[in-house]
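Features as listed in TrEMBL:
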| type | residues | note |
| --- | --- | --- |
| TRANSMEM | 12-29 | transmembrane segment |
| TRANSMEM | 66-83 | transmembrane segment |
| TRANSMEM | 111-129 | transmembrane segment |
| DOMAIN | 116-254 | domain 'Phosphatidic acid phosphatase type 2/haloperoxidase' |
| TRANSMEM | 185-202 | transmembrane segment |
| TRANSMEM | 214-230 | transmembrane segment |
| TRANSMEM | 236-258 | transmembrane segment |
Amino acid sequence: MQIAPLISYARAYYFQYTVILLCSIFFIYSEFKLVPRWKTIKFRLDDPRIGKKFKNDELVSDVECVLMAVLIGLIIASWYCLMKSHRQSIRKLAGPWLNNRPDWLSKEHHLFHVSIICLALILSINGTLTNSFKLIIGNTRPDFLDRCQPDLTQIQEGDPSAYYTAQICTQKDTRLLYDGLKSTPSGHSSFIMSGLGFIYFWQCKFILGNPLRNIWCLFLIAIVMISRIVDHKHHWYDVISGGFLGVSIVIACWRWMFIQKRIPSSILPAPVSI
């Protein structure tokens with residue numbers, strides 16, 4: 001196949017590619033370089049909400065969560081769209097998202113391309129917004145005091161309700177300390193909701209069969225979200241806000257890629273005949 005048709009086909013999605021690239025760069029940069037406003041965030045040493053024990057062994061690690069969000073959707077889309085033996089399981093394809101499909105490309109391959117773009121948009125935008133909210137809000141995790149290891153010589157005697165900043169912390173691992181100020185929203189919740197929420201909708205929309213058989217996606221989402229509370233990494237409202245953020249991004253990107261609005265041919269009113 002010649003390169004020119006591929007370039008022409010890809011050009012129709014250059015804006016989406018750009019958004020994915022920029023959001024991915026920001027997500028990686030903010031994850032490893034940016035820190036919350038740790039000098040101004042105040043907390044109390046007698047606050048039971050942040051006095052949980054730090055758990056080093058997580059039920060679902062950061063890497064495992066991201067891999068589930070990315071690979072499960074990628075594998076399922078590849079299974080149905082790229083393997084001829086399973087294409088009969090795909091519903092009859094129709095919709096405005098097919099408008100950019102060239103004649104030389106099958107509907108199934110076009111569906112795979114659009115689906116992967118949509119998934120990449122969801123995950124990259126979710127990463128950008130999740131980290132932005134974490135840095136702006138700067139909320140303390142349930143295990144923050146155990147991470148902090150406060151300097152007892154700086155504690156005001158006789159005033160357990162006094163407020164302190166992270167400057168009294170003796171924790172030498174600054175990455176561990178700063179991560180303790182990134183509680184809201186839950187990144188695990190937003191990512192697992194983004195990745196598995198998308199593939200849940202995708203299977204219900206494009207794959208034949210009873211939609212109830214896709215409910216395993218929702219169970220896996222719930223398990224990951226609950227694990228963050230069990231591991232003392234997030235408050236209940238962190239998990240809910242992360243899940244809400246994830247599903248909101250799924251809906252927005254789904255509408256962008258699969259339910260495109262028709263653009264009127266002219267913004268001027270039609271001429272009135274007399």
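Cβ atoms here come from the backbone N, Cα and C positions, even for glycine.
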Non-local residues, at least 6 beyond the ends, that sit with Cβ under 8 Å of the transmembrane segment (185-202): 60, 62, 65-66, 68-70, 72-73, 76-77, 115, 118-119, 122-123, 126-127, 129-131, 133-134, 214, 217-218, 220-221, 224-225, 227-228, 233-234, 238-247, 249-250, 253-254
Residues in the domain 'Phosphatidic acid phosphatase type 2/haloperoxidase' (116-254) grouped by DSSP into helix, strand and remaining coil: 97 helix, 5 strand, 37 coil
Intrachain residues whose Cβ lies under 8 Å of the transmembrane segment (111-129), provided they are six or more past its termini: 13, 16-17, 19-20, 23-24, 26-27, 30-31, 69-70, 73-74, 77-78, 81-82, 90, 93, 97, 190-191, 194-195, 198-199, 202, 206, 245-246, 249-250, 253-254, 256-258
Long-range environment of the transmembrane segment (236-258) - Cβ separation under 8 angstroms, sequence gap at least 6: 16, 95-97, 114, 117-118, 121-122, 125-126, 129-130, 133, 139, 183-194, 197-198, 201, 205, 221, 225-226, 228-229
